[in-house]
Amino acid sequence: MSSISNELSVTSSQNVISNSKEQRKKKILFKCALTNTISDVLTNREGWAQTQGDDWQFFWVTREWMTTCYDKHKFSEKQMICHFRNDFELTRKDFLIKNYKKARKAKEKSGIDVVSEFNFLPSSYVLPTEYHLFVEEFRKYPNDTIWIMKPVAGAQGKGIFLFRKLKHVQEWKKKDSSGSEALPYVVQCYVHNPYLVGGKKFDVRIYVLVTSFRPLNAWVHREGFARFSHSRYSTDSVDDAFVHLTNVAVAKTAADYDPERGLKWSLPKLFRFFKSVHGQSKLSKTMNDLTNVIIESLKSVQNLIIQDNHCFELYGYDILFDENLKPWLLEVNASPSLTASSQEDFELKYRILNHMIDVLDIEKKLIGNENEVGGFDLLIKNSKPVELCKVDFHTQPFFGTQFNLRLGDYVEATPMP
């Protein structure tokens, strides 16, 4: 009796294991190296299951993994990861400047008026290598011109400072070059006339998904946000980070910081505000200019980024508008923060990441000729810009396109843990 019972137990266990394997075969297996919103999205996505092995189809990797494991990993046909091997060509500030200047020079040689057609980075130099070129440029500007210094790989506002006098850069240069190569920084002419709302400076975060560089295929999400500085704008003091920087990490250090107080606007809200103040025609031009900034910046690195069909990347574009609504590119982030600062922020990032997975179409639900998926609009297909729908900005949120209901309405976000 005992042996029969044991046999039944073994058979039952084998069936459970077999059924478990069958269930896993039907699911899309993922790994995730982070524990923020992307982890929540993947865990809650229907038909997906987490794995600790190498049988994953989707892996949200870290920058460290790309550095240490990418070259060694043997990808299977269906595996996808969230970074391109040398995305730094676009996302490291010194490389961004170098590639922008190279593309600008090529356009100038071909007879294009770069002042009007290719002019979206402020005057910029990489230090210490371009120090003498910077000094030459510095002396052409009025004495009260403000410049801004940024570490090439910095984030969250760390290491940034503003100055008016050359001696401040000379002091930095002396301090950072103690017998070894100085820490690279970029120096840029500060956009002194930013567009202000309620007397405050702001920049905008736009999410751009690149699924291929050759050919160039890129999508832009209609949602995003404007980040406002903590204090009202003034050029009287260049040392007050609460006035000049819009990073949430900086604002959080203020004694009276309140994440729910309204230091962020949604992009649709911002663009509706622009329209109410400046009219549809002006807003349309700004949208065209903004689209051009994204497209041209991607084209400038199209032939430099290592193309790999296993890779995609969600970039965070940081844009500043001046008082004339001209967009200036501040930087491109390879790892835009996915950690939520509020419930509203969580829901926004949850939607964007869910729509990103829809675009990647790992589940094979799409036909293949879609121009809109979730909140994403196709911006460039096979290296050619896509004509976007023209609708009323008063009712529609971003880039003049309609909501796409092909995959249903926005997925409702789960509560923040």
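Just so it is clear, glycine is given a Cβ too, placed from its N, Cα and C backbone atoms.
Feature annotations, courtesy of Swiss-Prot:
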{"type": "DOMAIN", "residues": "23-372", "note": "domain 'TTL'"}
{"type": "BINDING", "residues": "Gln188, Cys189, Tyr190, Val191, Lys201, Asp203", "note": "ATP binding site"}
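Taking the features listed in Swiss-Prot, we show where each one sits on the structure.
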{"residue": "Gln188", "record": "ATP binding site", "contacts (Cβ under 8 Å, 6+ apart)": "Leu121, Pro122, Ser123, Ser124, Tyr125, Trp147, Ile148, Lys150"}
{"residue": "Cys189", "record": "ATP binding site", "contacts (Cβ under 8 Å, 6+ apart)": "Pro122, Ser123, Ser124, Tyr141, Thr145, Ile146, Trp147, Ile148"}
{"residue": "Tyr190", "record": "ATP binding site", "contacts (Cβ under 8 Å, 6+ apart)": "Pro122, Thr145, Ile146, Trp147, Ile148, Leu162"}
{"residue": "Val191", "record": "ATP binding site", "contacts (Cβ under 8 Å, 6+ apart)": "Pro122, Leu320, Asp322, Trp328"}
**Asked** Across the domain 'TTL' (23-372), what is the average pLDDT of the model, as a whole number?
**Response** 89
**Request:** For Tyr190 (ATP binding site), just give me the three-state DSSP call.
**Result:** coil
**Request:** Would you count the other C-beta atoms found within 10 angstroms of the C-beta of Lys201 (ATP binding site) for me?
**Result:** 22
**Request:** Among Gln188, Cys189, Tyr190, Val191, Lys201, Asp203, the annotated ATP contacts, find the widest CA pair distance and round it to a whole Å.
**Result:** 18
**Fill in**
Counting every protein chain shown, other Cβ atoms within 10 Å of the Cβ of Asp203 (ATP binding site) number 23
